[in-house]
Amino acid sequence: MTTAPHPAADGIWEHLRLMPGALADDSPVATNTEAAIVVTEGRIRWIGASAALPAGFSALPRFDGGGALVTPGLVDCHTHLVYGGQRANEFAMRLAGASYEEVAKAGGGIVSSVRATRAAGEDELFAQAAPRLEQLLADGVCAIEIKSGYGLALEHERKQLRVARRLGEAYGVTVRTTFLGAHALPPEYAGRSQDYIDLVCREMLPALAAEGLVDAVDVFCERIAFSLSETEQVFQAAQRLGLPVKLHAEQLSDMGGAALAARYGALSCDHIEHLSQAGIDAMRAAGTVAVLLPGAYYTLRDTHLPPIAALREAGVPMAVSTDHNPGTSPALSLLLMANMACTLFRLTVPEALAGITRHAARALGLQDTHGALGVGRPANFVLWQLNDSAELAYWLGQQAPRTIVRQGRVALDGLQIAPNARITP
């Protein structure tokens, strides 16, 4: 396969069916109406019923969608994609009955990945992460968040974030980087959590932000990780640097982290299996997105469901993500997560599809550019040979896109995908 830029998607994409809820505004385009999308210079210039296509676009090339269903490009808003090694041994431990906390106390968990990540060079981490990203892109993902948090020292956190930036450049995909230095206490700081938080706030975060490597800041607030007070210190440091925050919140217990995050205008609170009504109310008031991570729930064999009905009643937007990581969610299909969100968490199909598009984009602060189709937005959309949009959540991850337009270029046609590879539309 020769390496060259993806072919431009400029032209008229016609004979399409719009997924319900796909449009960024309230344009009255019925989902059963044959639709067209006009792309020029990598952006959507017009979208609507084919019969209403303005004559001024008639000279553009035409792409026959063949009646395909079109959705916005998918958004995976919570991943730990860059790391060294894997943790299959912990899978066996959990099958034998070990809890999340017991695995961590036995030397596994996050610290196990820290050792492997520190031992790997930047190029090695890129080589390991690239096939993972390719699998997600093959699902129709057009934007992705990648966290640090397996370095837990300045040079190693920098290494992870640099790899994340490189992945975005190599694959032509929107990557939002999140600094998760407060993911776990590194072994060399055992018993000195405040000293480590001081390092995170005073040295690591300012340095990485100055290098342009940080788009947002996250903390794991939990009894086996960092306290509310320590979390707030990190949020204050992020606030001083003008960076948005998010939180691993209420996964194993109700720490009150969601309410704290909402006070800082958090983009999202993620996991939230033990989220309280007070946390829900605070998130609603702040406009904070609830990110559901069914892969981790499934892998950990959790039985405490997130409060879906209460979130729904409160009108808190719910996103769905893979939470790809080597320990608790080795998942690489966002469509499978949509299915699991429906079957395990009882989301409706429209909620699940909004969760991997519109609401996921909002969880990354990308709501004006990603997750919905609209005039002036970058051309990020996916064509599917499906009869009904419900099939996106119905199949157990086996449904491959027909065509992916990512960042205004035809990134996939068929099942082939590679960084900067030319694929004929």
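Each position is counted from 1, following the chain as shown.
Just so you know, glycine gets a Cβ as well, placed from its N, Cα and C.
Model, not experiment: these values are computed from the prediction.
For the Fe(3+) site, Swiss-Prot gives His78, His80, His248; the one candidate out of Asp323, Asp368, Asp388 that the record lists there too is Asp323. Binding of 4-imidazolone-5-propanoate is attributed by Swiss-Prot to Arg87, Tyr150, His183, Thr328, and the same site annotation extends, among Gln251, Gln398, Gln399, Gln407, to Gln251.
Distance noted between the C-alpha atoms of His248 (Fe(3+) binding site) and Tyr150 (4-imidazolone-5-propanoate binding site) is 15 Å. For His248 (Fe(3+) binding site), the number of other Cβ atoms no farther than 10 Å from its own Cβ, over all displayed protein chains, is 30.
Each of Thr79, Lys147, Asp270, His271, Leu293, Ala296, Ser321, His324, Asn325, Ser329 belongs to the same chain as His78, His80, His248, Asp323, is absent from that list, and has a C-beta within 8 angstroms of the C-beta centroid marking the Fe(3+) site. Neighbour counts were taken as the number of other C-beta atoms within 10 angstroms of each residue's C-beta; across the binding-site residues His80, Arg87, His183, the minimum falls on Arg87. Taking the Cα atom of each, His183 (4-imidazolone-5-propanoate binding site) and His78 (Fe(3+) binding site) are about 14 angstrom apart. Taken residue by residue with DSSP, His248 (Fe(3+) binding site) is part of a strand.
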